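Engineer: One structure coming up, written as structure tokens, with questions to follow.
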Amino acid sequence: MPGKGYHLATWFRLAPALLGLLVFVLVGAASLAALLRFSQFESWAGYLHNIYLWRVVRFSLWQALLSSVLSLLIAVPVASCLTHRQFKGRGVLLQLFAVSMVVPTIVAILGIVVVYGHSGWLHALFGVETPLYGLLGILLAHVFFNMPLAVRLLLQSYGLVPSGQWRLASQLGFSRWTAFRLIEWSYIKKALPGAFVLIFMLCFSSFSVVLSLGGGPKSSTLEVAIYQALRFDFDLNKASFLSLLQVSICSLVALMVYRFAPANQQDVSLLDARLYPLKDSIVARSGDCLAMALAVFLVIPPFLAIFDPIFSITFYQTLMAEATWQAVWVSLKIAIPAGLLSLFLGGCFGVLARTAMDRGRLAFLSSKIEQLGSMILMVPGLVLATGLFLWLRSIGLSPQSGYWVVVWVNAVMALPFVLRALMPVLYQQEKRFRNLYTSLGIHGANRLVIEWPLIRKSVSQAFGYAVLLSLGDMGVIALFGSQGLVSLPLYLFQLIGSYRLQEGSCIAVILICLCLLLFYLSVRFIGGKTHVKY
Amino acid sequence: MLSIDLYYDWDAFHAHYQTSLAPGMTTLLGASGEGKSTLLHLLGGFLQGRGRVSFQGQALEHLLPYERPISTLFQSDNLFPQLTVWQNVAVGIAPSLSLQAEQKAKVSWALKQTQLSDKADQYPQALSGGQAQRVAIARVLVREKPILLLDEPFSALDPALREEMLALVNDVTERFDMTTLLVSHMPSEAVFVGGKVMLIEKGKIMANEEASVLSGGQIPEVFSHYLRMTTAS
């Protein structure tokens, strides 16, 4: 048993990590306190009778419910078809599904406007006039993002079906429907509640989609109402009430997420899973065709649409414009510090969690630390940002603090994803080598130096995700963006708002290229090219 | 008569199976990695090889797994854990699980034959290893396919139980005039079930004899090397 002195030394070595955690907690608490200081609680009772407010709440819930049900309804047959059928383009489609989840929201919105908008493809080709702005547009965008997510979650549970069951089904002559009923359903029904709650929550707190495609107060969500209260009315009291309402509803849903959450798994390599032939029929074939056609029709056109105006003159004029490169600079200026900060915070959380792991009475701390990092998913970024801004102003750090607020909030919002990438490998290292480290007296940063070749790949991915998320962020920057602080997504949002789609598409292409480039650089230079075997 | 003339290539492994099986028991012996399971997977249609395989004059090689007159007992995963014992047998008759009265009677009959009548409503996880394999055999009974392939399905059971299961398989084979191929790595099993015995080495069938030769005084040359290896280990 190590003595008391050992413990003291351990905690002393942890000081930097503890400091990081402390800053995270204190800034969060200060922001919340600042927000509450501007609230007049006695007036809150009045809001409870506000008809408009309840309409907003009702619409938020309603669109989230529709979005998640629709996404899942399409995803189930699509996942089944992708499991059973080999066809040309299947691999590409799976890749596209993976990509569509990380495409910056605002870029996809541009694609949807180009396809379904007033003078969009659908109108040009078939003369169909779609009432895009409103519920329909919101649903289209939410299904675009979340149906592929649902498919991938379902494919994970398909991966759990032992191949022996398919083999048996093949010999017994199961039809597709029988196989679905007897085998697949009992696996995916375990994943469905978790997937539903996750998608529901994402759609409930959706911001950019509703702001761009909602089309007015008729179809507004709480998140947008908060934005409007802050940006246009500067009504802090109302904003903090709305925020608390949002946080309470989100926490309620998040409680369910923790109950049903699908296990954190790596992607399944469905491409090399063994397939045994099942009895085919015209019904099965047409069902599959219908599901795939629907999925392809929903996902592919917006992707292509982004590149539609690439050959126009406006495209090149925009490419040369000073405003464009100004926005690129602002985006980089935000994304890279935010990524680094997020990685640093993730490192602090990781070091503390791995130290607490399997240490008797402290063991419970590791999961608590991880949850603390993920809790941020429940708090709207706008609320966090406003609180932080108010706090900074109250201690006299305005008015240039907008930039730092954006960086900090982006870093914090990316933290759950950083932790997801970082924690498994850190835990693994600790589990394998803790005793060796202890016996050799290797502590603190020395461990990281030794482990670097093994963890750099995860670190590069964590940093890549953080930068990607910050690059695509359209929430916080929409609130704090000003003349000198217009990032690519915000610029794109403004262009879509004024229906300058050709310029928008140029910005979208630049944004995508920037995302790819930074992610590649991160993986290449932080991740290294040598694959260390262990 | 089940006639086999199949080729299968995988990396450096080149198999050519050439033999024919008469109704009754045949035990296929061989060390692991010599291609026993590969043969069963080829026969079942789970692997694609070249060559031909026919049963009573009907070519099987182009048929899909469920079109072949074959039931297989695999090493594991013979049951669906999400279905009850009764349902696990019933899917052998109608995958849709909607059975007519006489089909239901047949399921009950098969469960009785395998002494599982009282387990009908239980789920596989509540069964012992021997009971689970008996459910699979009950399904073989209701499917009424003339060929039965067994891929060491009893290797995880203890010796007494293993003999009990082998006796059941033997009994079923005889009563329903099936062509049964039992893959095994234990010569004693071949002796126990009787019938024919084959030896497989590097994807080739080296011998096809009466099983009794293994227990007689004069063991053929081809088997003696393999027998020395198995007894040594």
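Using the three backbone atoms N, Cα and C, a Cβ is placed for every residue, glycine included.
If you look up TrEMBL, you'll see A:12-39, A:59-80, A:92-117, A:132-155, A:191-213, A:241-261, A:282-307, A:327-352, A:372-391, A:403-427, A:462-481, A:501-523 marked as transmembrane segment. Among the features that TrEMBL reports, domain 'ABC transmembrane type-1' is placed at A:57-257, A:328-522.
Where in this structure would I find these features, and how exposed are they?
Structural biologist: The list of residues near the transmembrane segment (A:92-117) in space but at least 6 beyond its ends in sequence, with Cβ under 8 angstroms from a Cβ of it, reads 82, 123, 130, 132, 137, 140-141, 144-145, 148-149, 151-152, 208-209, 212-213, 267, 270-271, 295-296, 299-306, 308-309, 468, 471-472, 474, 489, 492-493, 496, 501, 504-505, 508, 511-512, 515.
Tertiary proximity for the transmembrane segment (A:132-155) is limited to same-chain residues at least six positions away from its ends with a CB under 8 Å from its CB atoms, namely 63, 66-68, 70-72, 74-76, 78-79, 82-83, 96-98, 100-101, 105, 108-109, 112-113, 116-118, 120, 188, 191, 194-195, 198-199, 202-203, 206, 209-210, 213-216, 218-219, 262, 267-268, 270, 295, 298-299, 302.
For the transmembrane segment (A:191-213), the list of distant contacts is 60-61, 63-65, 67-69, 71-72, 75, 105-106, 109, 112-113, 132-134, 137-138, 140-142, 145-146, 149-150, 153-154, 156-157, 219-224, 227, 246, 249-250, 253-254, 256-257, 260-262, 377, 380-382, 474-475, 478, 489, 493, 496-497: same-chain residues at least six beyond its ends, Cβ to Cβ under 8 Å.
Sequence-remote contacts of a segment are chain residues at least 6 beyond its ends whose Cβ falls under 8 Å from one of its Cβ atoms, and for the transmembrane segment (A:282-307) they are 74, 77-78, 80-81, 84-85, 93, 96-97, 100, 107-108, 110-112, 114-115, 120-121, 140, 143-144, 147-148, 151, 175-177, 505, 508-509, 512.
Under 8 Å from some Cβ of the transmembrane segment (A:327-352) lie the Cβ atoms of residues 14, 16-21, 24, 365-366, 369-370, 372-373, 403, 406-408, 410-412, 414-415, 418-419, 422-423, 426, 459, 462-463, 466-467, 470-471, 473, 477, 484-491, 507, 510-511, 514, 518, all in the same chain and six or more residues away from its ends.
Here the transmembrane segment (A:372-391) has Cβ contacts under 8 Å with residues 24-25, 27-28, 30-35, 37-38, 201, 205, 207, 223, 226-227, 230, 236, 239-240, 243, 246-247, 250-251, 254, 345-346, 349, 398, 401-402, 405-406, 408-409, 412-413, 415-416, 419, 473, 475-476, 479-480 of the same chain, all six or more residues outside its ends.
Here the transmembrane segment (A:403-427) has long-range neighbours at 24, 27-28, 264, 333-335, 337-339, 341-343, 345-347, 349-351, 353-354, 357, 366, 370, 373-374, 376-377, 381, 384-385, 388-389, 392, 454-455, 457-459, 461-463, 465-466, 469-470, 473, 476-477, 480, 485, meaning same-chain residues at least 6 beyond its ends whose C-beta is under 8 angstroms from one of its own.
Long-range contacts of the transmembrane segment (A:462-481) within its own chain (CB-CB distance under 8 A, at least 6 residues past either end) are made by residues 102-107, 207-208, 211, 223, 227, 230-231, 331, 334-336, 338-340, 342-343, 346, 380-382, 385-386, 389, 402-403, 405-406, 409-411, 413-414, 417-418, 421-422, 487-490, 493, 511, 514-515, 518-519, 522-523, 526.
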